[in-house]
Amino acid sequence: MELDRAKVNSSFNKVADTNGGTSQAAEFNGDVDCLQQQQTKTKKAKMTNEDVVTVVVGTQWGDEGKGKVVDILAMSADVVCRCQGGNNAGHTVVVDDVVYDFHLLPSGIIHPTCDVIIGNGVVVNLPELFHEIEKNAAKGLTNWQNRLKISNRAHLVFDLHMKLDGVQEMKRGRNSIGTTKKGIGPTYASKATRNGLRICDLVGDFNLFTERFKNLIDYHNTSCPELTWNVEEELGKYKLLREKVKPFVVDSVLYLNNAIKNGRKILIEGAQSTMLDIDFGPYPYVTSSNCSVGGVCTGLGIPPRNIGNVYGVVKAYLTRVGAGGFPTELLDDLGDLLQKRGAEFGVTTGRRRRIGWIDMVMLRYSHMINGFSAVAITKLDILDVLKEVKIGITYKLDGKPIESIPASDEDLKRVEVEYLTLPGWLTSTENVRKFEDLPENAQKYVRKIEELLNVPVKWIGVGQARSSIIQVF
């Protein structure tokens, strides 16, 4: 915003006149010039750094194939980060027919030149983290020891959090949310009630850690007296983990801001997805963290001005794990067909995913929140066998059109969807690597999504392998 010199001088001159002098006004003119120069410098600085941080987020209910897009972008990144969630996430990367599964580790660790950061917004189950490392190292993951950094501000997930998660789900009965029972929600609850424990507590004074851990146990003994804990066994386990994790602990805020200053390319790997965001998803059927773009700033300590491109990942059809409204859900043989062709089982839980048509109301809502620079459409090949494909384009609630996702999940369950039906292509796309080589009807499907969302499509996934991708521009 430019300073209005006339308005500023008019106000200042009135003050100068009452003080019997004009030299102050002249001096203030110089100050205005300095301020305007500073504004110009600031704008230039913003432009200089705008491409340092790239973000990949899911646009739907997760499982969109974010790992494939991250894998592409990580080839030219220096640092790949996780900013939220825990081992309730699941990203898969296939390299030379080897399937790597990641839950806490950023999938960018596959690339031997990338440092990876587990940020302060992530909740960390240390035994599971080291198990994940060992499992992927056995498949060929190398040199991770020199590249893994864990924020000293990240909160710890304990066995008690997982037990609480299971008990809370059981008590909900028919109203269960469908959590992964990994203890993620209870850990974020401990964080919010300020009795959680962080990585810095573990690697600091262990006597103080012990005291605070026992206080945490006492707190939950009151709320869940039916649960029992072996406190000494748990403390013994964490005394060993303390030494194991120490080499990887950093001040991630300082590390990342220094990386930005030095022009290193930073890639943020979102976990879960926008429609599972604690604020923007159909509450209460959401996760416990902000998995839209805002979680990048709070979960890593990165200034908003340094975020450049934000890429959304869109599955060519729609899936969901767990309970809650699903306006475009397919409850017939077609849904079963897509479920089988897409191997739609959760990476973390193994649960069967619910299936539906792509939903443009949802995607537009997701775009409003995240502001996508471009999107990737994944799993287009799963639709290859369909005679026709549908796109959900508008909602009606109680017979009236609505422009966006209802805040209430009960309302989401009641919406009626208007569909656009397009002809299918009945041709395999698995070996296609150029957009113009796609069947004409597949091209039309992609372009229609692009048109309805008003965001360009940059990549199209046509298979599980690393190379099964079409770069459109």
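From the backbone N, Cα and C atoms, a Cβ is placed for every residue, glycine too.
Because TrEMBL annotations are produced automatically, they should be read as predictions rather than curated entries.
The structure displayed is predicted, hence computed values, not measured ones.
Database features, via TrEMBL:
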ACT_SITE  D63  active site, proton acceptor
ACT_SITE  H91  active site, proton donor
ACT_SITE  K191  active site
BINDING   62-68, 90-92, R353, 379-381, 461-463  GTP binding site
BINDING   D63, E64, G65, K66, N88, A89, G90, H91, T180, R194, Q272, T287, R351  IMP binding site
BINDING   D63, G90  Mg(2+) binding site
BINDING   V347, T348, T349, G350, R351, R352, R353  substrate binding site
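Structure coloured by features recorded in TrEMBL.
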{"residue": "G62", "record": "GTP binding site", "contacts (Cβ under 8 Å, 6+ apart)": "A89, Q272, S273, M275, L276, V321"}
{"residue": "G65", "record": "GTP binding site", "contacts (Cβ under 8 Å, 6+ apart)": "V313, K315, A376, T378, K379, G461"}
{"residue": "K68", "record": "GTP binding site", "contacts (Cβ under 8 Å, 6+ apart)": "V93, A376, T378, G461, R466, I469"}
{"residue": "G350", "record": "substrate binding site", "contacts (Cβ under 8 Å, 6+ apart)": "none"}
{"residue": "R352", "record": "substrate binding site", "contacts (Cβ under 8 Å, 6+ apart)": "Q339, E344, F345"}
{"residue": "V462", "record": "GTP binding site", "contacts (Cβ under 8 Å, 6+ apart)": "L380, D381, T429, E430, N431, V432, S468, I469, I470"}
Exercise. Within 10 Å of D63 (active site, proton acceptor), Cα to Cα, which of the recorded positions N88, G90, H91, R351, R353 are there?
Worked result: G90, H91, R353
For this session: Look at each of the binding-site residues, N88, T92, T180, Q272, and point out the one with the fewest other Cβ atoms around it within 10 Å.
Result: T92
Exercise. Here are the recorded positions: H91, R351, R353. Which has the lowest count of other Cβ atoms within 10 Å?
Worked result: R351
For this session: List nothing but the one residue from D63, G90 whose Cβ has the fewest other Cβ atoms within 10 Å; the candidates are the recorded positions.
Result: G90
Problem set entry | Cβ neighbours of K191 (active site) where a neighbour is any other Cβ within 10 Å | 19
Exercise. Including all protein chains displayed, how many Cβ atoms other than that of L380 (GTP binding site) lie within 10 Å of its Cβ?
Worked result: 24
Problem set entry | Secondary structure at K191 (active site), reduced by DSSP to three states | helix
Exercise. Among D63, E64, G65, K66, N88, A89, G90, H91, T180, R194, Q272, T287, R351, listed as contacts of IMP, what is the widest Cα spread in Å, to the nearest whole number?
Worked result: 34
For this session: State the Cα to Cα distance, in Å, between N88 (IMP binding site) and R353 (substrate binding site), rounded to an integer.
Result: 15
Problem set entry | Distance from R353 (substrate binding site) back to G90 (IMP binding site), taken between C-alpha atoms, in Å | 14
Exercise. At the Cα level, what's the spacing in Å between the residue listed as 'active site' and H91 (active site, proton donor), rounded?
Worked result: 25
For this session: Fill in the CA-CA distance, R351 (IMP binding site) to T92 (GTP binding site), as an integer in Å.
Result: 16
